[in-house]
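Please read the structure below before turning to the comments.
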Amino acid sequence: MAAVTRTRGSRWVLRWLVLVVVAIYLLLPLLAMVEFSTRGAGGTRSLDAWRGIGEDDDLVGSIVASVELAALTVVGMLVLLVPTMTWVHLRVPAMRRVVEFICLLPLTIPAIVLVVGVAPIYAWVTYLVGDSALTLTFVYVVLVLPYAYRAIDGGLGAIDIVTLSEAARSLGSSWFQVLVRVIIPNIRGALISASVVSIALVLGEFTIASLLNFDTVQVVINLLGKRNAGIAVAVSVAALLFAFVLLVVVAYLEPRRRDAQEDDTTAVPAPQEARS
Amino acid sequence: MTDMLAPAPARTRPTGSATRRGAGRRLTAYLGVLPFLAFVTVFLLWPTYIVVTGAFQDDLGRFTLSNIQAVVSGPAYLDSFLVSIGLSLVTAVLGAVFGALLAWAVAEGRPDGLLRRCVVAASGVLAQFGGVMLAFAFLATFGFNGFVTLLLADTLGIDPLSGGGWIYGFAGLAVVYTYFQIPLMLIVFLPALEGLKPQWREASDSLGGSGWAYWRHVGGPILAPGFAGAALLLFANAFSAYATAAALISQGSPLVPLQIRSALTSEVVLGQANVGKALALGMVIVVAVVMTLYALLQRRTSKWLR
């Protein structure tokens, strides 16, 4: 009995040792950022850096651009993937493997490699569409494909879409109605997950934007860091808090929605992965 | 998959004309995938094709091996591959070990406890927290004017971190990269740990096995493929990372992604226009090998942990 308590005791000690050490490592840089961004002249505290966020026009402009970019990417991703994946599930299952392979392909092609191949294509995009930062939407949709695919595939796999769509079709609805009124409401949770991952990815993307010379928020923060490190660090803390809140909100949305549908046969288990 | 295929033949069976119509309908069914294929062709497959073929072309588009040769024989390029692989290896191992320990510490607690929820949510954010902001976080901590650097100088009067210069070197990169590896490991490895059934532990305990015996003979072997797979994923993650290193290191190019940056942004040396593509191809090959191993291990893992 004593031996059991002893091992349990040492397990407890080890467990908390791990938690404390890792917590210090993970939290120290965050605390340092808060400390750094609130430094004033001569060892005082000041919020000038935080106030500076709203006064820097380049920064505000880039934040607006990045948020628009995130919204466009979500729309583009949904328009591209949802009809295609539904269609493949229902009508051309032979293509499922192909679509899956293509969607997961960006995982083996790092962004820094993709930008090498995409640069010549963007010469054409700029020529045809213009040189707004919003044209990055095209390549960002590619970037979010693997994560969005997994989320939506999980959603589609959890419901019997063949039966549902045949029922709808036999009652006279068109394919468009099947998609909008039957499929989409049933995979709403998966679509929210896919959108959140996409937003997080776009707001944090630096590689492609910087090497194609577009001023997104990360590119501007990087430039700002060389000029006024205080503001750059303050924006970073703000972005981090925003991402944290976003994830917590989603994490709390998902279980509640599942409880509400518990007695429903079409309950959708929320896809948990795809955040890697 | 198979049960979805089943209804299709029944629908197209009846008469000859119906079969022909069925074939036509199947063709139109394939047309539905066309917009998707067109998009990924332009923005994913074509860029990949440009990288792969460009690596074997000279400035005028003729076939050549000189780009590959430049990468393999040029000491700067080869070194960058060695440093990149070394850095990915070190941070993958550190991240995997500490991430697995953290996952274990979290899994020991209650499944719906506050600690667990917080750690998982925070890991979701921090694993994504690569890039520029992470570089700033560490500059604010260990840089020349960093929190810790100043704190040590003020309170102890010493400068063990040599004024913060180390953060721009290999050690600094390793510390910074490990920062996003640990949370990623937690996300990837926690489900595997949760797959361990408490009954196995109870069986081991009731047969007189110690904690060590359990991990040595039961838990360890079951988790080993999952652990190795997760470590490979971490390796690929570090190997592909660009933004953090780019924001931290503005002069010199010790890593492959930074070599690609200078190939893309600097003045093109005559006859070297496609070396960037050869470097990119090298990266794809390394990542593809690692991800293939990962997929194989993943299949093994899922056999046990259902």
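Cβ from N, Cα, C; glycine included.
Caution: TrEMBL annotation is automatic and unverified by curators.
What TrEMBL lists as domain 'ABC transmembrane type-1' is A:63-250.
The transmembrane segment annotation in TrEMBL covers A:12-34 (among others). Cβ atoms under 8 Å from those of the transmembrane segment (A:12-34) belong to residues 233, 236-237, 240 of the same chain, restricted to positions at least 6 beyond its ends.
Residues or ranges marked as transmembrane segment by TrEMBL: A:69-90 (among others). For the transmembrane segment (A:69-90), same-chain residues at least 6 beyond its ends with a Cβ under 8 Å from one of its own Cβ atoms are 96, 99, 103, 133-134, 136-138, 140-141, 144-145, 148-149, 152-153, 156, 161-162, 165, 179, 183-184, 187, 191, 194-195, 198-199, 202-203, 216.
Annotated transmembrane segment per TrEMBL: A:102-122 (among others), in sequence order.
Under the heading transmembrane segment, TrEMBL lists A:128-149 (among others).
Under the heading transmembrane segment, TrEMBL lists A:190-211 (among others).
The transmembrane segment feature in TrEMBL is assigned to A:231-253 (among others). Beyond the ends of the transmembrane segment (A:231-253), by six or more residues, the same chain brings 30, 33-34, 36-37, 49-50, 52-53, 56, 59, 192-193, 196, 199-200, 203-204, 217, 221-222, 224-225 to within a C-beta distance below 8 angstroms of the stretch.
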